[in-house]
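The structure appears below as structure tokens.
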Amino acid sequence: MYLFLSNLSLADISFTSTTLPKMIVDIQTNNRAISYSGCLTQMSFFMLFGCLDSLLLTAMAYDRFVAICHPLHYQVIMNPRLCGLLVFLSILISLLVSQLHNSVVLQLTYFKSVDISHFFCDPSLLLNLACSDTFTNNIVMYFVGAISGFLPISGIFFSYYKIVSSILRMPSPGGKYKAFSTCGS
């Protein structure tokens, strides 16, 4: 549990740090331009840490599911090796999704010397600046975004559905309270 929390806090800090320093500098200098390479770098890190955040939350939901629904088997199921593997897979998948978004954007033709007048750079902004046809790239990016958003959310909802249904089957109110307090922490 603490492994997930520490990695989640690191991902959240990094997620915020991808845009906040640039925004503060832009406010101080009254300059909202970002270079093409800076935009690609910011977009890559933003996608990496955003996807990592959702995947770690999914792993934490699975951890809570095992703790509530299978409390006697928790130590066997959620051993340190599996926890490390879940964190590693979260990092790997988020890195792949981030690089897939970057590779889709890099395939297009741009005026590479142009500065982009935003403090935040996202793939749709770069697709709008492209000189070539972006229909296929839009489809790929929205499909990958939908999959990388839908799977973690469905995993979280499924885990918490099983947790709530398991808690509601408990006969004693004290057991329900203890289970809900464990789940809420």
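Cβ atoms are placed via backbone N, Cα and C, with glycine included.
Membrane topology from Swiss-Prot places Val66 together with Gly174 on one side. Counting residue by residue with DSSP, the topological domain 'Extracellular' (106-138) contains 12 helix, 1 strand, 20 coil.
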